[in-house]
Every structure is written in C-alpha cells, then in structure tokens.
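Down below is the structure, laid out as structure tokens.
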Amino acid sequence: MSDSKEPRLQQLDLLEEEQLGGVGFRQTRGYKSLAGCLGHGPLVLQLLSFTLLAGLLVQVSKVPSSLSQGQSKQDAIYQNLTQLKVAVSELSEKSKQQEIYQELTRLKAAVGELPEKSKQQEIYEELTRLRAAVGELPEKSKLQEIYQELTRLKAAVGELPEKSKQQEIYQELSRLKAAVGDLPEKSKQQEIYQKLTQLKAAVDGLPDRSKQQEIYQELIQLKAAVERLCHPCPWEWTFFQGNCYFMSNSQRNWHDSITACQEVGAQLVVIKSAEEQNFLQLQSSRSNRFTWMGLSDLNHEGTWQWVDGSPLLPSFKQYWNKGEPNNVGEEDCAEFSGNGWNDDKCNLAKFWICKKSAASCSGDEERLLSPAPTTPNPPPA
C-alpha cells in the first residue's frame, strides 16, 4: 500500500508544479482539459483575486496624486478668472467714466452757447418786422439819435443784477455804437436793427422785472421812433430819383392844375432829364390819360417855357408827337398824349401831375421821439 501511494503523491506534486508554473491558465505542456482546470478552482480563484487586488492597489495609489493636481489646477484657474473679472470691471468702469465725463463737458459747452429755440424765433421775427423801417433811415443825424437812445439803454442795463447778461448786453451795445458811428448805409442800419432786436430778446430773459420793464419801454419808444422816421414822399405820391410825383384822379384846366399843385407845396411837373421824361410818359400811357404838364407858350407864341421860367431845351423837342405842336385854335398848353407830347387848349379839363423834392429826413432831432407828423393831404383828386 505504501508503495502504491508514493507514485500517486509524486504525480500530484508534478501536477501542482505545472499549475503554478502556468498562471493565467497557461500550461507548458498545453491544456489538459476543462475538467482538469475546474478541478483546481480554489487555487485559480486565489491567484485571480491576488492579481486584481494588486492592480487595484496600484490604481488607488495614483488617485490622490491626480486629485491633488486637478485641485491645484482648478484653484489656479479660479484665481485667474477672479483677477481677470476685477481687471475687466475696473477697465470698463474707468473707460465709461471717462467717456461720460467727456460727453458732459462737450454738452455743457454746447448748451452754454446756444439760445433757446423760442428766443431764436422771436429774434428772427422781430428782425424781419423792423428791417424795412430801418432801411429807410438815410441820415446821419437820425443815426446819432438812435445812438443816444442806445446810450441811455446801456446805462439802464448796467444796473441789472445778472452779471453774465450785463456783459452780453454791454458787448452788443458796444458793437452797436461802432456800427452807428459808421453811418447811413442800409446794411449798417439793418445791422443796428438786428442788434436792437437781439438786445430786446436778451432783456426779456432778465430776472429783475422792474428794470426789464423800463428797458422794454425804451425799446418800444425807439422802435416807434424808427418807424416814424420820415418817408421820402407822402402817401399816394410816387418817388423817383429824389423827387415825389402826384398823379391826379380828377380833371382840371391847365391854370387850376397849377393852383392845385401849389396848395401842396409842389408845382405842375417840370421835366429836367430824359429819364424823368420816360418815367412820366410811362405813368401817363399806362393810365391812358391826357395829362397836363407845366409847359406852355402863353407868354410868346412858339416859345415854349416851363412854369419855373426855364426854357424848353432843344433836346426835348423830340418828345413832341408827329406834327406837334401845331397851335390849332390857340393850343398853348402841353400835355402827355399817347407816347409823346401834344399842345391843346389851356381851358380844357385834363388830369395833371404835381412834382416836389423828396424829404431829406434831416429835421430837428426832437422829431425822433415826438408824435408822428401828419401826412400832407394830396391835392384834391
């Protein structure tokens, strides 16, 4: 029995050595059979468990290192993001503050220079209304009167409390003073009027109502005085080259026509130039009227003479119509007829033309602030 057991034990030892030498189910002599392997199952499971445990320990040993590295990277990224956020926030706020400050500075400067829309419109309308009136102010004496008014206005403005407005109005008055000193051109007169209008607009914005009212009254008086400044001709008269002409709407004989003109400080028209002749001939032909002029040969037949005693110049004889004067039936007085002159009987009733010099607007200085003079009545029409 003992001899038989020993060979079996030797066989088992050889089998275990083969199993241990081929871990992972590999045998040097090849696989015996699936049943043989399963017969040694506990040993195989132990080997597998040992292998898995060793691999797990290796992996677990690596985890703290990778975790610590990831955490440090996260911390670094978070710190960088925080710093970047702060930097961007500061940069944005500073740039916006600078931009807003610059815009406010520009806006403040622009608003400080611009007047209100309503004031601009008021200035423009006032300027338009008075421009025509000031345009007829040709005399230096009248400009001097306006300058005196401006001087009084300047003194009143100087008492007002708002310094900035005082300075602005004072500068306007200074410019007005220089403009008035330069005199009668219409452009200068218009400039004066514009400055007066701007001054009125500036005064309207002042807080002191009593002073404002005082200055406003001065401006109203000055405006009225400018509007009353003399017109070259009375109403219903026509201005031409320094003279005024009245064309009647009724008819009289030649002698009564002379009287009608004298009653208004004029005379039956005496023609002095070719331009005047053309102007008067046009007026008469437009109305299709026969109109007396101040020319006759009553003193000496065939010698034509004006009512002021001056003779008819040879150059004017061209204005007679063809065949005239013919002195048919004692035709001793001249008239405008069609496109030229004609002689006719002096006792016939016709329209007439009066002539006198235009006003020079150089009367007393008191006229500026005195009531408007009454317009001379035209001769009976």
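Just so you know, glycine gets a Cβ as well, placed from its N, Cα and C.
Source: prediction; values computed, not measured.
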Whichever of Cys230, Cys233 is disulfide-bonded to Cys244 when Swiss-Prot is consulted: Cys233
Of the residue ranges 31-34, 127-130, 203-206, 235-238, the one that Swiss-Prot records as motif 'Endocytosis signal': 31-34
Member of Cys333, Cys346, Cys354 annotated by Swiss-Prot as disulfide partner of Cys261: Cys354
Across the repeat '1' (96-118), average pLDDT on the 0 to 100 scale: 60
